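Trainee: Starting off with a structure, shown below.
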Amino acid sequence: MSDDAPGGGGGSGGGAAEPLLKKARYHPNCPGCRVDRRKEEREGFPFTELSCMWLVTICSTLPIQSLFPFLYFMIRDLHIAKEEEDIGFYAGFVGASYMCGRALSSVIWGVVADKYGRKPVLVITLFSVIIFNTLFGLSSSYWMALATRGLLGLFSGMLGPIKAYATEVSRKEHSHLALSLISSSRGIGLIVGPAIGGYLAQPADKYPGIFSQNSIFGRFPYFLPCLCISLLAIAALIACFWLPETLHKHKDTISNNSVEAAEESLSDPNAEENCGGCLSLFTNGPLISAITVYCIFSLQDMAYAEVFSLWAVSDRKYGGLSFSSQDVGSILATSGLFLLIYQILIFPSVAKSIEPIALVRTIAILTIPLLSSYSFMPALSGFFLQLVVNCASFLKNAFSVTTITVFNILMNDAVSQDLRASANGLSVTLMSIFKAIAPAIAGVIFSWAQRRQTAPFLPGDHLVFFMLNVVTLVGITLTFRPFFARSSTKH
């Protein structure tokens, strides 16, 4: 283009090269170039963009586990289980259906985001929350609940692209903080979602002065929490209009990204792996290692979320706590509040002072006695029981969010920008497969455990929490060589 040519070829080579590089660097009609220019001109943290991303991430995350506090009662009311001990079995498949749908589509959404942009995928995800999450609350049969959750997962493709977006909208020195914000917002959404489900499910029974048994909320007792989440998703959809697209939509001889990305890839020892396209992801040792361990801990975390809610509301004669869905919601809301404080005040210092993999190992080792203690909690009662359960729930969720944040950083550091959404799409697909397996297996084991209360070895729920610890031990093992390949990136 003629306006990209230098005005003259003077002898001051260093002074002329700088403006020439800057002119050749940006394309006026490219949204990614506009974001790069804005990042260069603005040194501060992108509060507006990341605030919108925080809202979008929370709203897309809320439905994932919002059903767990009332799922036990929902399965009971749908009359699919012939005996009370079978409720956990059927609940596991409803919990797994979302992740099954997401596992089928995550890589596709990552490729779409790399080709057409991050923002369209975010918009589609929010539309799916508004439609399918609302329909789930109106489910009149077990199969309708199963189908709507599966479709919600199938169209929820933003988890990979949003992590790529967070690093692209921020300056390099802020990218890890942006990823931490995304991970913490997901963690908060995974806690606040069940709190919403616990407080707002069965409103005609809990708040008869406000909701009549003859109203839609009386006829569909699990519609209100789903409706509230869908309304928040509408607000997030509106906030998306303030988010700029970050994908570079032009072709260069260097790459379809900025010159900085090209220079960074040239100085990166993993550049040869990164420049081979999507297939190179499978030969990227640090990426595959991080994804593998991430999947193991994701399986444990999802199984725990399923088990905790079923265990808390089940009868004490089966080793549960006989909590109501509101009690579970209160515990998870409290955990969410302290988790937010932890993410803001404690986690940044911990992450700076401890090497990432050492931090994951420490957390995993501490998780083992924590999970073992759950089996003994039914012996407690009153205020002391509430205090112990709240503390244990907060610690478990803080451990999970820290682990997720560490592996998000490791995975994004393992690839170049132009493969980041695809890499995250691959990680989300594999993670979703593990998370789809987790609730189904956890539900089957939970149902089996309730039938063996007098077994001589690992009676009742001791078996459930023992199995969670077995998965934790597998995760710890995979963080050591030769299973784990470290990236050359310094943290």
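Backbone N, Cα and C define each Cβ position, glycine as well.
All annotation found in TrEMBL is predicted automatically rather than curated by experts.
Feature list, courtesy of TrEMBL:
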type: DOMAIN; residues: 49-487; note: domain 'Major facilitator superfamily (MFS) profile'
type: TRANSMEM; residues: 52-75; note: transmembrane segment
type: TRANSMEM; residues: 87-109; note: transmembrane segment
type: TRANSMEM; residues: 121-140; note: transmembrane segment
type: TRANSMEM; residues: 178-202; note: transmembrane segment
type: TRANSMEM; residues: 222-243; note: transmembrane segment
type: TRANSMEM; residues: 287-311; note: transmembrane segment
type: TRANSMEM; residues: 331-351; note: transmembrane segment
type: TRANSMEM; residues: 358-377; note: transmembrane segment
type: TRANSMEM; residues: 383-411; note: transmembrane segment
type: TRANSMEM; residues: 423-450; note: transmembrane segment
type: TRANSMEM; residues: 462-484; note: transmembrane segment
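Can you tell me where each of these features sits in this structure?
Mentor: For the transmembrane segment (52-75), the residues of the chain that approach it from at least six positions outside its boundaries are 81, 87-88, 90-91, 94-95, 98, 122, 125-126, 129, 133, 136, 139, 142, 145, 149, 152, 156, 158-159, 162, 165-166, 169, 181-182, 185-186, 188-190, 192-198, 201-202, 221-222, 225-226, 229, 232-233, 235-236, 239-240, 242-243, 305-306, 308-310, 313-314, 325, 328-329, 332, judged by C-beta separation under 8 angstroms.
Within the same chain, residues 63-64, 67-68, 71-72, 74-76, 80-81, 121, 142, 145-147, 149-161, 302, 306, 310, 314, 422, 425-426, 428-430, 432-433, 435-444, 446-447, 450 sit at least 6 positions outside the transmembrane segment (87-109) and bring their C-beta atoms closer than 8 Å to a C-beta of that stretch.
If you look at the transmembrane segment (121-140), the same-chain residues 6 or more away from its ends with a CB under 8 A from one of its CBs are 56, 59-60, 62-63, 67, 74, 78, 109, 112-113, 148-149, 151-152, 154-158, 161-162, 165, 220, 222-227, 229-230, 233-234, 236-237, 240, 243.
Remote same-chain residues near the transmembrane segment (178-202) are listed as 46, 50, 53-54, 57-70, 73-74, 159, 162-163, 166-167, 169-170, 221-222, 224-225, 228-229, 305, 309, 325-330, 332-333, 335-336, 339-340, 343, 347-348, 351, 397, 400-401, 404-405, 408-409, 412 (criterion: CB distance under 8 Å, separation of at least six residues from the stretch ends).
A Cβ distance under 8 Å defines the sequence-distant neighbours of the transmembrane segment (287-311), meaning residues of its chain 6+ beyond its ends; these are 65, 68-69, 71-72, 87-88, 91-92, 95, 99, 190, 194, 281, 319-321, 328, 360, 364, 371, 374, 393, 396, 400, 403-404, 407, 410-411, 414-415, 423, 426-427, 430-431, 433-435, 437-439, 441-443, 446, 461, 464-465, 467-468, 471-472, 474-475, 478-479, 483-487.
Same-chain neighbours of the transmembrane segment (358-377): 293, 297, 304, 308, 311, 319, 321, 350-351, 385, 388-389, 392, 395-396, 399, 402-403, 406-407, 460-462, 465-466, 468-469, 472-473, 475-476, 479, counting only residues six or more beyond its ends whose CB sits under 8 Å from a CB of the stretch.
Counting residues 6+ beyond its ends, the transmembrane segment (383-411) has Cβ neighbours under 8 Å at 163, 176, 179-180, 182-184, 186-187, 190-191, 286-287, 290-291, 293-294, 297-298, 301, 304, 308, 312, 321, 331-332, 334-336, 338-339, 342-343, 347, 350-351, 356-357, 359-360, 363-364, 366-367, 370-371, 373-374, 377, 423-424, 427, 487, 491 in the same chain.
Packing against the transmembrane segment (423-450) from elsewhere in the chain are residues 85-100, 102-103, 106-111, 113, 153, 157, 159-161, 163-164, 281, 284, 287, 290-291, 294-296, 298-300, 302-303, 306-307, 310-311, 314, 318-319, 411-412, 414-415, 460-464, 467: each is 6 or more residues past its ends and has a CB under 8 Å from a CB in it.
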Trainee: For the transmembrane segment (222-243), could you work out the same-chain residues 6 or more beyond its ends whose Cβ comes under 8 Å from its Cβ atoms?
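Mentor: Result: 48-49, 52-53, 55-56, 58-60, 62-63, 66-67, 70, 74, 119, 122-123, 126-127, 129-130, 133-134, 136-139, 165, 193, 196-197, 199-203, 211, 216.
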